[in-house]
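Working notes, beginning with the structure itself.
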Amino acid sequence: METTLPLEDDFDFEDDVEDFDDTLNYSHKNLNDIDFNELLTTIKSPNRVINFELNSNKLLVVPNEIEKFQSLITLELSNNQLVQLPHEIGSLKNLKNLHLKNNALSDLSFPKEMLQLKQLELINLIGNRFKQFPHQLFHMINLKEIYLSSNQITMLSDQFQNFTKVEVLYLGANRIGNIPDSIGCMCSLIVLNLCDNRLRTLPRSISRLTQLKSLSLHNNQFCALPPDIIRLDLQELSLRNNPLVVRFVRDLTYDVPSLKELAARTIKLHKINYDDKSIPKVLVDYLNSAKSCLNPKCKGVYFESCHKSVKFVDFCGKFYLPLLQFLCSPACTSTSTCQMATTHSDDMNSKFRKVLLG
Amino acid sequence: MTEILNNTKATPVVIKKYFDNTSGLSTQPTSLNELIELLYQAFATNEVNIDYISTIMNNYKPTMGEWKPYIKFQSDRYTRNLVDAGNGKFNLIILCWAESQGSSIHNHADAHCFLKCLQGTLIETKYAWPTIDEEKPMHILQRTEVHEGEVAYINDSIEKPMHILQRTEVHEGEVAYINDSIGLHRIENPSHTETAVTLHLYIPPYDHCNIFDERTSRSNEAKVTFYSIGGRLITNE
């Protein structure tokens, strides 16, 4: 069949660069698979297309011809009816942004070639039918934005340590009951959306997310939050529609302190002097690791053995947050709920001034 | 509004004609620029005809292309994008709500607030102002001695949960209205798969309001800021 496509050799860069539009917009065109196949055969220079917008059509499959679009950086396939991705998707070596919102993708939809997309930076899978967090994503170490809201994910495996570049993680509206510890490894995380799930608590590692600015926890089953949340430099925190009641107070396990700990507590309480000339250095380090009991009336300290209970803490005149308190003994539990938080540095006050709670 | 001399239906119309500066204006703005133009004319004097404002907000049929410079979504929170500062008499603002974003509970600093949904669906939850019970005899919580050197602490905190008055959906094209005498509200985009865009008109403009904690009714003052003005991003801090 004769075609009038220009041959690559005859292509004059200076002439053609004005005419060629590296963005193809075929969104909202009611395209079905047959139309789409036809369309692909008519596109000139597919290997120069950088953005391909195909959202809001009626596509059930992505044809193999997609592999001709080797320069593709952004592929927009949201709001279609895709059930699977083709093997050829792995050949798109420049693909950085893959939008697949509102399709019919599920746990078996990704081909093994998906693992070849190591340069992928954004993947949007909102509104699909995943029951598990797609394990292929754990291998994509260049990901910066992961959108998985509104699926049917029930649990997260503890493999988040690879996501050191991820800045945005949306997991809202799933059925997640627990957040794994490895979430603390996501050192670049700025936005974490966990709303509308079945969460009761967060792992303590959450305090390591030093870049975190926005935390959505609304519509869950939170009764209390780990106190480490104070250390975050949050600007947005949503807690509405969680139980958050004092009635929850069911004190967690209390390990009886060891003799070593009791001796150390006494030394600290009575301010007995010590140094590495009088006792072994390892004991000096141990004594220096003492943590203060958060009961303001108690001057005590604890080491490994502490008592956890829920207490409402008022942050610089703002809202009461129910926090898990680490106290030196059950006797230190305060019964009053109207109590100022202890030992605030000005630093912490200014951190919370910007927090918008809702 | 001008005074009504008696209660018959005819008289208010007559008075409106003589004193109402909006009587000659169109009530069907067909473009963004026309809406803004009508607003300026309606605000030409110091009197505001709120019914007219409500009419044009309801009748205005937006075309999304006009709003493009103000549509800016952020993954961490909703954005407020100032369209027109109305010579200080009103503020016309576009708010962009990404999936599942919502506001805190807030008041409106004695201003009128019109909210028109341009895209998506919002949920508006109205709350009653927190009250202090005045009818019961006072109840003693505690009686303690304060000795030399000891410190006592107290504050005025009210600790009752806030009372929901109403929860409604605001669909595309619909207009909601609130002011401080009606109550407080929270606006949220409940969808996890669709974004939402709303058009807000505040009369007069305000830059501070109070935000409220649903569980305890405690409130704090908050500064209200813009993400962009006239389509240009603002660097805040």
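Glycine is treated like the rest: Cβ placed from N, Cα and C.
What TrEMBL lists as Fe cation binding site is B:HIS106, B:HIS108, B:HIS185.
Excluding B:HIS106, B:HIS108, B:HIS185, which define the Fe cation site, the same chain contributes B:ILE105, B:ASN107, B:CYS113, B:ILE178, B:LEU184, B:ARG186, B:CYS209 within 8 Å (Cβ to the Cβ centroid), listed in sequence order. The Cβ of B:HIS185 (Fe cation binding site) lies under 8 Å from the Cβ of B:ILE105, B:HIS106, B:GLU124, B:THR125, B:LYS126, B:TYR127, B:ILE178, each on the same chain and at least six residues away in sequence. Long-range Cβ proximity for B:HIS108 (Fe cation binding site), meaning a same-chain Cβ under 8 A and a gap of 6 or more residues, is found for B:ILE178, B:ASN179, B:ASP180, B:TYR202, B:TYR206, B:CYS209.
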